[in-house]
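Participant: What Swiss-Prot shows for this protein is this:
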{"type": "BINDING", "residues": "Gly373, Pro374, Pro375, Gly376, Thr377, Gly378, Lys379, Thr380", "note": "ATP binding site"}
Amino acid sequence: MSRMVDTMGDLLTARRHFDRAMTIKNGQGCVAALPEFVAATEADPSMADAWLGRIACGDRDLASLKQLNAHSEWLHRETTRIGRTLAAEVQLGPSIGITVTDASQVGLALSSALTIAGEYAKADALLANRELLDSWRNYQWHQLARAFLMYVTQRWPDVLSTAAEDLPPQAIVMPAVTASICALAAHAAAHLGQGRVALDWLDRVDVIGHSRSSERFGADVLTAAIGPADIPLLVADLAYVRGMVYRQLHEEDKAQIWLSKATINGVLTDAAKEALADPNLRLIVTDERTIASRSDRWDASTAKSRDQLDDDNAAQRRGELLAEGRELLAKQVGLAAVKQAVSALEDQLEVRMMRLEHGLPVEGQTNHMLLVGPPGTGKTTTAEALGKIYAGMGIVRHPEIREVRRSDFCGHYIGESGPKTNELIEKSLGRIIFMDEFYSLIERHQDGTPDMIGMEAVNQLLVQLETHRFDFCFIGAGYEDQVDEFLTVNPGLAGRFNRKLRFESYSPVEIVEIGHRYATPRASQLDDAAREVFLDAVTTIRNYTTPSGQHGIDAMQNGRFARNVIERAEGFRDTRVVAQKRAGQPVSVQDLQIITATDIDAAIRSVCSDNRDMAAIVW
């Protein structure tokens, strides 16, 4: 009985304060009325109308809005009692406010306040409550509240999907809300690097007296027209994001114009001022994969870096990459010693990783290696296979090799090559760099001494190869004698490579086999006589020594020679087949494919005639 009396007394006290607050609000204004509304809620914390009064009179405390939401079932009890109405304007989204009178509107306003306060999960849970959609006016407000949550948490794809949702036909559409949603969607598209999509969203909003871009849309697309002074913050934001989108699209003149329009009462917004001061300033662009990688869906800082995502992708593909690398190497004609060496290298790398895991030393080991031998013997293809094998074993992140040359290391003047080499290596961490004719990194003066620009690159490369023994893989290739000579330009250079794979010249049988394998997917076939002529000719070439002392097959670049011969032979075949057709003779499918002995002989002589070192060969 005593508790009931106390409760009744609290209610009566609260009502006296509430009634006084409403009277004062009408006569003296909100500032004077606020203390009475506060006193009412202190007397009866469940008095929802008093909480609404506090908020209407300027109480912006999140706790007050939470209390109003908690007791919103009691809304209108006191205002109905005294025959009055009460409403509060509460921010919803970045730049406009919702007029709160009912419980569902309180929930929508609270979701926005929770978003601003960083209580994202609570905002999300509140927006999942379908009771917020108890009136047709609330549907578009709900769409804005959800888009705003996704905007603040930088879940850009979700902003776009929310903004693109169709409203029910009965939903009440408000220009200010439509414009706000379009602005958020434009930001989202821009942050995803979709500049043209962003402009599409921006064009849906007309600023009266300034633009009429919305006329290009059909009736099925929601558009809006707002006055330049109606919502200054929103108008400024629309100009700002349009300017940043034009900058993203490399249209700087337009960017400057629109950024200059991002003003409130004639004063540039801070964001626009910063962007105008620095033409290199751009919106941060990300992608759906990065956003989806977050460990906390609401926290952008928990997303994985591009390297981490690449690592994850590589980890998923490692088995495939390892198999692809092995298959690529196995398909190469010959190279028995190289294949055996790569197999042994795999074993060494696997043991090295196990030793590192257990803290055991791996002194003298490195990823870097040399591939030496004549041109056309499969060095580049082997490097490609190693890229897949290394990635499959987790030694590097990226299976693709990056082919480089002297110009990637060397500048035009002394002092430029060191920094350029450092930059190249830093960008190549986690990758494989492949440089054919490795020795071309330096150029020799007439007296045989290396040039200073090249030596600067060599000396810096030496440091990087040691510093990053396991962070990337550098593969140098070329003739063995020239590679060995090059390694002497710096005493420490040879020690940076602990493995050398030797590639031998192809045998005549292997050259013919390479030609056959090259022809097959091109729907070309060598008949038996053509293969015999090919073999005899390659044997002659192999036994020939050029004036410079080079084996003929090396001068003709081994496997490349086989491919060149097939291509040239196809040309002779085509000429022969056309003559056959013009003579009135039928041409079969087989005729279109077969390369004859005559074709191959003419092709070999033609290819060899392109090389002056082969001029003295006797067929």
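Cβ coordinates are placed from backbone N, Cα and C, and glycine is handled just like the others.
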Participant: Going by DSSP, is Pro374 (ATP binding site) part of a helix, a strand, or coil?
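Facilitator: SS state of Pro374 (ATP binding site) = coil.
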Participant: Including all protein chains displayed, how many Cβ atoms other than that of Gly376 (ATP binding site) lie within 10 Å of its Cβ?
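Facilitator: So the number of other Cβ atoms within 10 Å of Gly376 (ATP binding site) is 23.
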Participant: For Gly378 (ATP binding site), what is the tally of other C-beta atoms lying within 10 angstroms of its C-beta?
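Facilitator: I get 22 for this one.
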Participant: Need the DSSP three-state call for Lys379 (ATP binding site) to compare against my parser.
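Facilitator: Looking at the DSSP assignment, Lys379 (ATP binding site) belongs to a helix.
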Participant: Only counting partners 6 or more residues apart, tell me which same-chain residues put their Cβ under 8 Å from the Cβ of Pro375 (ATP binding site).
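Facilitator: When sequence neighbours closer than 6 are ignored, Pro375 (ATP binding site) has Asp554, Gln557, Asn558, Arg560 within Cβ distance under 8 Å.
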Participant: Which is it, of Thr377, Thr380: the one of these binding-site residues whose Cβ has the most other Cβ atoms within 10 Å?
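Facilitator: Result for the most crowded candidate: Thr377.
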Participant: Using all protein chains in view, find how many other C-beta atoms are within 10 Å of the C-beta of Gly373 (ATP binding site).
Facilitator: 23
Participant: Can you count the other CB atoms that lie within 10 A of the CB of Pro374 (ATP binding site)?
Facilitator: 22
Participant: Which residues, sitting 6 or more apart from Lys379 (ATP binding site) on the same chain, put a CB under 8 Å from its CB?
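Facilitator: Looking at Cβ-Cβ distances below 8 Å from Lys379 (ATP binding site), excluding near sequence neighbours, one finds Leu371, Gly373, Asp436, Ala477, Phe503.
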